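Swiss-Prot annotations:
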type: BINDING; residues: H673; note: chlorophyll a' binding site
type: BINDING; residues: M681, Y689; note: chlorophyll a binding site
type: BINDING; residues: W690; note: phylloquinone binding site
type: TRANSMEM; residues: 70-93; note: transmembrane segment
type: TRANSMEM; residues: 156-179; note: transmembrane segment
type: TRANSMEM; residues: 195-219; note: transmembrane segment
type: TRANSMEM; residues: 291-309; note: transmembrane segment
type: TRANSMEM; residues: 346-369; note: transmembrane segment
type: TRANSMEM; residues: 385-411; note: transmembrane segment
type: TRANSMEM; residues: 433-455; note: transmembrane segment
type: TRANSMEM; residues: 530-548; note: transmembrane segment
type: TRANSMEM; residues: 588-609; note: transmembrane segment
type: TRANSMEM; residues: 662-684; note: transmembrane segment
type: TRANSMEM; residues: 722-742; note: transmembrane segment
Amino acid sequence: MTISRPEQEVKILVEKDPIKTSFEKWAKPGHFSRNLSKGPNTTTWIWNLHADAHDFDSHTSDLEDISRKVFSAHFGQLAVIFIWISGMYFHGARFSNYEAWLSDPIHIKPSAQVVWPIVGQEILNGDVGGGFQGIQITSGFFQIWRASGITSELQLYTTAIGGLVMAGLMLFAGWFHYHKAAPKLAWFQDVESMLNHHLAGLLGLGSLAWAGHQIHVSMPINELLDAGVDPKEIPLPHEFILNRDLIAELYPSFKSGLIPFFTLNWSAYSDFLTFRGGLNPVTGGLWLSDTAHHHLAIAVLFLIAGHMYRTNWGIGHNMKDILEAHKGPFTGEGHKGLYEIFTTSWHAQLSLNLAMLGSLTIIVAHHMYSMPPYPYLAIDYGTQLSLFTHHMWIGGFCIVGAAAHAAIFMVRDYDSANQYNNLLDRVIRHRDAIISHLNWACIFLGFHSFGLYIHNDTMRALGRPQDMFSDTAIQLQPIFAQWIQNTHVLAPSLTAPQATSATSPVWGEGLITVGGKVAMMPIPLGTADFLVHHIHAFTIHVTVLILLKGVLFSRSSRLIPDKANLGFRFPCDGPGRGGTCQVSAWDHIFLGLFWMYNSLSIAIFHFSWKMQSDVWGNVTPQGISHITGGNFAQSSITINGWLRDFLWAQASQVIQSYGSPLSAYGLIFLGAHFVWAFSLMFLFSGRGYWQELIESIVWAHNKLKVAPAIQPRALSIVQGRAVGVAHYLLGGIATTWAFFLARIISVA
């Protein structure tokens, strides 16, 4: 008797034509809410409309419909991204000096915007070299185009059109997968299939495609550009792809084709897949042959990873099994219950993803300058500073967003009945110990780190430099950081004998200069860095304290035991309970944003000053002339030094920018200060003040018989705070942007 295997049933995971396509709802603002669809009685309606329009949880409790809306919205987001990137490429094609920059990237600055002569605005068109007048850009697009092998504006045009085609495709997909073929809930919850497809498809095949592009297109074109060949003389990408003899002139192993691959003689390919380490001395960027090798290796890893999870074939990992097996001697039930959380709460899933992506973005910020991935990026100081600042802020917002969605998960989706004695439950049960210890750490770090600066300010004021903490008096050397630097210098000889140098000159060996400018060199760390790193530790710990307290106390606290019933955002625990304001999970996000801004301001200020003082500069016969002449070590060890020698001294360019091509930064600097100050109006005054004022103004309108039909109302407490923090951050970020760019474009 033969026992045959039961037939695998094909699951139908798509519902056909679930929702009719109709524009009728577009004409009904607030159609998703019974209250809002009635239309406005008071001005609060428009604020609630904005607050709830994308809060799909508030529209329906049907998880399948919520999932479909989120999925569809993702395609809309991708369409916006494709339109944006298409616009960037179009600007490069239509309004830029890309071809001129490509022929002389050392002396010509990138520009992709020319201002029309209206009311004298053409003053903004500065001379960027090569006879081109325009606004200098610091986005890094020219460098990434060079690394991709783009040699003409026609190629930028065609890529821009491709971006618009992709945007159209994404918009179609968003409509199709909501109205025509909408996935069922089971499809969204099939995590093993999702992992396989995302790992093997997006990351594996994505990296493989990029490695293929780098090898067949980018590297030969960049090899010729580095050798000084005129971009117009370089063969087109398809010629390198189709004509093996052409690329074999540059990389002889191409003559052998795939024979070395199948005979396992992989070292034959080492002419274009290298493991050099360090930076290319011609361009100041990573060796493109190293990055091609890296992407090929990443592709192999992720293609393997994309076959690890169990789907229809009964082999491989099962996420539920992995999570439930994950327990130690002190962790109770471990991760039991976590699978159910991540397959039924998209807020929990989003929180995890934002935390990981935010951390990764900050890691990217630190690698962009220390291991510049694109040619000539390292000597474009404005772009280096912009990319660091941009990635730091994006990472910070993602991490605060992670806390926000963790708290929303706790309030809306957490079911304590299913979470008994697992790690999450145990963390929540000893939250008092966690928060009080973290609070102690914040107090310790705050007093000690700030105290070191106050000591130095006092000693300098009293004329006692010998009693200061500095490299020339009482030294506080960052010995662990110096040990890590030294370890990385030694690493190639120990762990990677084939590599010719360490991952970056930052660690302590070699000076890379391009066109007489420092691309990268060893970054010495001393007492000044020790001091400011402890300020970083302090501000980061306070940010974490606020965000973590918000998450752990989002459902209940001693003060408000039934907090979960009040929701994610609420002003106070009702009338008659004084002292219960600003306790909602939303308020912790609100406060966390300010400390995130504090943390990152100090981090980007540290980076900006340190690089200008100790790294960036010109090579002269007498040695290296740094932009601020190495003043960081002695000036940044006092609060007064930060105020006088960094903020004030380096603000002179933006303050004096009027009448120059940088004058827009002067106006932005001024305007952003106003936006920031405007935020304080919302943050410092209570709702009652404004309601009284409004009622007085309404009285005057009634007198004149011009009273509005929609009753004016003061912003709610939560709305006022939201407007306040938005303007605080917008004003602060734009002020910093203008300050940094006017400075670095002037001196670089």
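Quick reminder: no glycine exception, Cβ is built from N, Cα and C everywhere.
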Name the residue among the binding-site residues Y689, W690 whose Cβ has the smallest number of other Cβ atoms within 10 Å. Y689
Measuring CB to CB from M681 (chlorophyll a binding site), give everything in the same chain under 8 Å that is also at least six residues away in sequence. G724
Local backbone state of Y689 (chlorophyll a binding site), from DSSP in three classes: helix
For H673 (chlorophyll a' binding site), the number of neighbouring Cβ atoms whose distance to its own Cβ is within 10 Å equals 15
Rounded distance in angstrom between the Cα atoms of Y689 (chlorophyll a binding site) and H673 (chlorophyll a' binding site): 24
Who are the chain neighbours of the transmembrane segment (156-179) in space, where the CB to CB distance is under 8 Å and they lie at least 6 residues beyond its ends? 17-21, 68-69, 71-76, 78-80, 82-83, 85-87, 89-90, 92-94, 98, 145, 150
Would you kindly give the Cα-Cα distance separating H673 (chlorophyll a' binding site) and W690 (phylloquinone binding site), rounded to the nearest Å? 23
Given a Cβ distance threshold of under 8 angstroms, which distant residues of the chain, six or more beyond its ends, lie next to the transmembrane segment (385-411)? 138-140, 341, 345, 347-348, 350-355, 357-362, 364-366, 368-369, 543, 547-548, 550-551, 554-555, 564, 567-568, 585-586, 588-589, 592-593, 596-597, 599-600, 603-604, 607-608, 611, 733, 736-737, 740-741, 744
Against which stretches of its own chain does the transmembrane segment (291-309) lie, if we need a Cβ under 8 Å and a gap of at least six residues from its ends? 191-193, 195-201, 203-205, 207-208, 210-211, 214-215, 218-219, 272-275, 316-319, 373
Close approaches to the transmembrane segment (722-742) from elsewhere in its chain (Cβ under 8 angstroms; 6 or more beyond its ends): 138, 382, 385-386, 389, 393, 590, 593-594, 597, 601, 604, 608, 650-651, 653-654, 657, 662, 665-666, 668-669, 671-683, 715
How about long-range neighbours of the transmembrane segment (662-684): same chain, 6 or more residues beyond its ends, C-beta under 8 Å? 123-124, 126, 135, 653-656, 715, 720-721, 723-728, 730-735, 737-739, 741-742, 745-746
